[in-house]
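A.B. asks: Sharing the features that TrEMBL gives for it:
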COMPBIAS  102-124  compositional bias 'Pro residues'
COMPBIAS  151-166  compositional bias 'Gly residues'
DOMAIN    26-70  domain 'LysM'
REGION    73-133  region 'Disordered'
REGION    148-171  region 'Disordered'
SIGNAL    1-24  signal peptide
Amino acid sequence: MARLISPLISLLLAALLWSCAPHKGIYHTVEPGQTLYRISRSYGVDEKNLARLNGIGDPTQLRAGQRIFIPGATQEKRVGTAVTTAQRPAPPARPSASVSAPRPPPAPPTAKPPPTRQTPPVSRPPAASTVGKGHFAWPLKGELLKKFGQQSGGTNRGIEIAGGKGSPVHSAASGRVIYSGDGIRGYGNLIIVEHDDNFFTVYGFNERNLVQDGTFVGRGEHIAAVGTPPGGGASRLYFEVRRGKETVDPLFYLP
């Protein structure tokens, strides 16, 4: 029953293209050494507002390759990078005196101590961003009615979680709503949220949606109310996780 048909992929891609329209803003891809402060100055946007819109709790923890949404911008601008100590030019050497002092008499030779062996420092690669348990939060606390994958009734591309009708549905992570509506048959009121690292989360069977297309939501934010499947049955939430176009098991990313 819970199977996201191919029109959703087309809709998702179309929504992504729509989300990049010039009158809405653009995405800036962070390059090594760039800071949120420099990005905000380059685009003339308030740094705190930019952090809030993109769900950034700590502006100092930007990652190279991270996409930052710039509201009102029409084209990507050149952003300077912070100069590190290693990048700063070394100060010029002092010029030697024009008159050289007389050389002192040579000192008597002394026995040289044996050289000490020094262990070269081990360079460790930078820690990669881990994506796994706890990457997303549970959108609803309740009994797991259907699991991901092949089941007796067919293949599930998501999970279904029991919940009282009207109970709050929460965003599993901060991101941008790219679809909110009931135009996809079989899922009732549906919400799709785009996150970092090419992730998307899908929330279906909602009694009502509380967010609109283009809205930025935070992790744990109330975005919908639990409803019932269009075909009837007990109230529940349909929850799906996608990485790109591929559906993945949500339980792998939930705590």
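Just so you know, the numbers here start at 1 and follow the chain as drawn.
Using the three backbone atoms N, Cα and C, a Cβ is placed for every residue, glycine included.
Describe the structural context of these features.
C.D. replies: Taking H, G and I as helix, E and B as strand and the rest as coil, DSSP gives the region 'Disordered' (148-171) the counts 0 helix, 13 strand, 11 coil.
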A.B. asks: By DSSP, what is the split of the domain 'LysM' (26-70) into helix, strand and coil residues?
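C.D. replies: Per DSSP, the residues of the domain 'LysM' (26-70) fall into 18 helix, 8 strand, 19 coil.
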